[in-house]
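My questions all concern the structure below.
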Amino acid sequence: MRYLIKGGIVVDPVADTLTCTDILVEEGMIKEIGQLSDSEAEVIAAEGNYVCPGFMDMHVHLREPGYEYKEDIVSGTRAAAMGGFTSVACMPNTNPVADNAAIISHVLAKARNAAARVFPIGALTKGSLGKELTEMADLKGAGAVALSDDGMPVMNADIMLRVMQYASMLEMTVISHCEDNKLSEGGQMHEGAVSAMLGLKGIPSLAEEIMVARDILLSEYTGCRLHLAHISTEGSVRLVRQAKERGVPVTAEATPHHFTLTEEAVQGYSTNAKVNPPLRRQTDVEAIKEGLRDGTIDVIATDHAPHAYHEKDVEFQYAPNGMIGLETAVGLIFTQLVQPGILTVPQAVAKLTCNPHRVLGLSGGRLLPGTPANITIIDPKLSEVVDPTKLLSKSKNTPFGRWKLTGLPVLTMKDGLLVMRDRQLLE
């Protein structure tokens with residue numbers, strides 16, 4: 001199939017440019033970029049819209065295998081495509097844990113015809129128990145693009161040291177969920193005035209920051225590429241900024257909920273606002289925004305964490321952590337970061353394209369002739385009110401219901417195939 005994307009504002013996140021031009025797509029590849037005409041191609045009118053490299057969410061939980069009642073590869077990638085993502089990287093905290101080549105191969109096989117490209121992340125330790133290293137070379141050989149025990153932090157520094165030494169030899173990125181689970185044990189939300197008022201045990205910022213500091217030092221010692229997942233505190237941003245100034249090979253991500261919501265969202269004991277790391281203070285939100293603005297934080301990722309209704313419809317302390325994010329992330333980025341001028345369009349797009357690709361050691365994230373046609377088109381003027389009942393994810397655990405978002409994806413193309421167009425998924 002031939003498509004001519006006509007008159008759009010093409011975003012180059014590497015060159016940091018916006019150019020009004022056309023893109024010709026043929027046989028799944030970008031054939032040509034320029035002022036074009038092609039009588040045989042189907043024209044996609046893109047005037048006034050941003051034509052971007054296909055967005056990647058490098059931190060999602062697709063829940064397959066083992067928890068398909070929450071989400072599966074089909075439903076999760078459909079949600080991704082609707083949200084403007086052509087690629088996702090899925091975390092290994094499935095059942096069984098993705099700690100061996102067979103599970104990685106299974107995920108890739110199930111994702112072969114999915115609505116978005118799926119890049120599995122393998123576990124650091126067997127069962128994500130933090131005791132015995134996985135066969136990392138086998139995981140890489142099977143297709144794992146990085147290593148993480150996400151949600152189950154490796155508490156033993158000697159184990160984490162050996163993890164980084166082996167990962168460095170394999171040229172793989174270690175993704176760290178930074179939490180000292182002795183300091184956070186029993187915690188339900190951020191430790192502060194709101195937790196005291198609600199009578200909920202708090203999780204101090206220190207629980208995150210002490211592990212950020214440890215893992216940065218281990219990365220500096222081993223030379224291993226370290227990526228810090230969903231940092232949430234002012235102190236963490238400062239530690240990453242200082243480490244980058246020293247030349248440590250560290251990158252970091254932030255989620256839309258951590259640059260949008262504060263601990264106040266938990267008022268009324270809303271379980272959809274219960275996440276880990278928890279929603280923090282306004283000063284932390286501002287620090288995350290500044291980290292995104294100055295480049296300290298490289299990536300925006302959702303930590304899409306679906307849970308069934310019955311799991312969240314319980315007393316606060318019994319509810320699992322997590323919220324969905326694939327279908328609201330882009331709107332939140334444009335509404336909360338681009339429109340107020342915190343990020344330019346190319347800067348925002350970089351955190352969803354070339355930067356996550358670079359972190360994971362993947363090619364892509366830029367629109368160039370001769371590369372696969374993975375494309376996301378954004379209408380910067382289009383607004384919608386979030387209706388959780390209409391989201392494509394199996395789970396509806398979002399705190400953003402009834403939020404009005406402006407700047408939404410109107411087309412996603414995966415390897416030259418239209419997956420979503422005009423806010424409708426194409427079957």
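Glycine residues also receive a Cβ, built from the backbone N, Cα and C atoms like all the rest.
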Given Swiss-Prot annotates His59, His61, Asp150 as Zn(2+) 1-binding, which of Asp298, Asp303, Asp313, Asp379 belongs to that site as well?
Asp303
Besides Asp150, His177, which of His227, His230, His257 does Swiss-Prot list for that Zn(2+) 2 site?
His230
Given the binding-site residues His61, Leu62, Arg63, Asp150, His177, state which is nearest to Asp303 (active site) when distance is taken between Cα atoms.
His61
Counting only residues 6+ away in sequence within the same chain, which have a CB under 8 Å from the CB of Asn93 (substrate binding site)?
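Residues satisfying the criterion: His61, Ser128, Asp149, Asp150, Gly151, Met152.
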Express the distance between the Cα positions of Leu62 (substrate binding site) and His177 (Zn(2+) 2 binding site) as a whole number of Å.
17
If you count other CB atoms within 10 A of each CB, which of His59, His61, His177 wins among these binding-site residues?
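Highest number of other Cβ atoms within 10 Å: His59.
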What same-chain residues, at least 6 away in sequence, bring their CB to under 8 Å of the CB of His307 (substrate binding site)?
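Lys70, Ala319, Pro320, Gly322, Ser395, Asn397 - these are the non-local Cβ neighbours of His307 (substrate binding site), listed in sequence order.
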